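S.K.: Below, the features straight out of Swiss-Prot:
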BINDING   Gly95, Thr98  Na(+) binding site
TRANSMEM  34-54  transmembrane segment
TRANSMEM  60-80  transmembrane segment
TRANSMEM  88-108  transmembrane segment
TRANSMEM  112-132  transmembrane segment
Amino acid sequence: MQVSIPVCYPCPSFPQTRPFAGDGRKFGRVDSGFMPKLWEGLSVGAGAAVGACARLALTMQFGEGLWPILAINMLGSFLMGRYRPGPFWGTGVLGGFTTFSAFAVVLVDVPLPHAVAYLTVTVVSCVAAWLMGNRWSA
């Protein structure tokens, strides 16, 4: 998608523009891909909202303890490996669905040996889930 923006003076915050060939107007065409990046960012944000709502629904159903968070993170990791989704589904929906910050917050409330064990189990199982999903997709 190409967007025309008025070019009145050089502005360092906008990408460089060039006039359309032969029309002589003071409008330019954005060459840097600004709009596709904007739409991609908006789609990632919308996807993250969807994923966070799905995670909230599951945590309301199953609780916010250590094991539901681990199951959510493993499921999200498996789906990432299985489908290798693009920005909306991958970074957005599954990024909002998985909750690595929440498992870090939960670790503050448990004794250190349990926290280290849970951290290890989470990282190893999520990597294993991604590898299993990736292998299944091949």
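The backbone N, Cα and C atoms fix where each Cβ goes, and this holds for glycine too.
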S.K.: Check for me, if you would, whether the transmembrane segment (34-54) reaches the transmembrane segment (112-132) - at least 3 Cβ pairs under 8 Å, residues 6 or more apart in sequence.
M.R.: no
S.K.: For a quick check of packing: other C-beta atoms within 10 Å of the C-beta of Thr98 (Na(+) binding site), how many?
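M.R.: Within a 10 Å radius of the Cβ of Thr98 (Na(+) binding site) lie 22 other Cβ atoms.
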S.K.: Taking only same-chain residues 6+ apart in sequence, whose CB is under 8 Å from that of Gly95 (Na(+) binding site), what do you get?
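M.R.: Expected: Val44, Gly47, Ala48, Gly51.
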